[in-house]
Amino acid sequence: MGGFQRGKYGTMAEGRSEDNLSATPPALRIILVGKTGCGKSATGNSILGQPVFESKLRAQSVTRTCQVKTGTWNGRKVLVVDTPSIFESQADTQELYKNIGDCYLLSAPGPHVLLLVIQLGRFTAQDTVAIRKVKEVFGTGAMRHVVILFTHKEDLGGQALDDYVANTDNCSLKDLVRECERRYCAFNNWGSVEEQRQQQAELLAVIERLGREREGSFHSNDLFLDAQLLQRTGAGACQEDYRQYQAKVEWQVEKHKQELRENESNWAYKALLRVKHLMLLHYEIFVFLLLCSILFFIIFLFIFHYI
């Protein structure tokens with residue numbers, strides 16, 4: 001495997017649109033998502049093979065703003081976006097929307113992979129909230145591009161990751177793995193150089209499988225197109241352009257929230273219909289058995305009477 005090589009630091013103004021006519025393959029765009037303290041920044045460093053993101057063992061987020069760093073893998077540019085606390089259960093603020101807008105700008109025209117970082121053995125209610133926030137920020141369709149990355153791989157000991165996932169008693173984690181179509185891998189972010197190279201290869205194998213399944217497409221929506229347009233404007237963009245863009249960010253997130261609520265309502269309605277159908281089916285079976293019992297009892301009395 002060709003390892004990652006350190007590339008230049010990216011900025012919001014450096015994003016380029018995809019060019020399918022170019023001989024150079026488009027950059028592989030990865031957004032790191034997950035709850036605060038799960039190891040997103042350290043994972044980004046492991047992917048790029050360099051300590052380009054600030055990473056410390058803290059309960060609170062070290063990353064305050066969205067950041068993008070780049071590298072190459074087998075000649076292909078890799079772009080990794082690290083995110084601050086935008087996937088937490090918190091009130092919607094202008095700072096939150098600004099960070100979401102920056103995330104879109106840095107990853108336009110859209111990510112090939114949303115890398116959901118989860119600490120091995122610590123899948124909690126906060127992780128469940130983070131997953132819902134991912135859907136609110138990027139839309140429910142974003143889950144088609146989610147890859148789960150478990151940190152603290154060293155805690156597996158000699159156990160295979162597949163066995164850990166198959167044998168977990170955490171129903172929420174099982175549902176997540178099923179929703180992500182079993183796309184997952186694990187990292188020891190403090191492993192040796194050789195171990196990290198092997199982890200890079202395992203992750204990229206999962207990403208390549210996802211690419212084949214999605215025919216090379218990436219996740220996008222109207223806001224990513226707006227972000228790409230603002231990128232092209234570059235230095236020519238004025239304050240009014242940014243103000244309008246931020247208003248679109250708020251509108252898009254609210255739209256995603258509404259779609260999520262509607263999907264949940266539809267799911268609940270369909271579940272209720274299934275329950276009613278089962279109750280009706282069981283009721284018919286109960287009536288049939290009751291009539292059979294009565295008929296059997298009458299026959300028994302008739303036979304008993306004439307014996």
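Cβ coordinates come from backbone N, Cα and C, glycine included.
The GTP binding site feature in Swiss-Prot is assigned to GLY34, LYS35, THR36, GLY37, CYS38, GLY39, LYS40, SER41, ALA42, SER55, HIS152, LYS153, GLU154, ASN189; the stated evidence is similarity to another entry. THR36 (GTP binding site) falls outside any helix or strand according to DSSP and counts as coil. Neighbours of THR36 (GTP binding site), defined as other CB atoms within 10 A of its CB across all chains, total 19.
Look at Swiss-Prot and you will find 25-228 tagged as domain 'AIG1-type G', backed by sequence analysis.
Under the heading region 'Disordered', Swiss-Prot lists 1-21.
As annotated by Swiss-Prot, topological domain 'Cytoplasmic' applies to 1-284.
Sequence annotations record features per position, and here Swiss-Prot assigns transmembrane segment to 285-305 based on sequence analysis.
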Per-region confidence, the domain 'AIG1-type G' (25-228) (mean pLDDT, whole number): 93
The one of CYS38, ALA42, HIS152, GLU154 whose CB sees the fewest other CB atoms within 10 Å, among these binding-site residues: GLU154
Spatial neighbours of GLY34 (GTP binding site) that are distant in sequence (at least 6 apart) but have CB under 8 A: LYS40, PHE87, LEU116, VAL117, ILE118, ASP127, ALA130
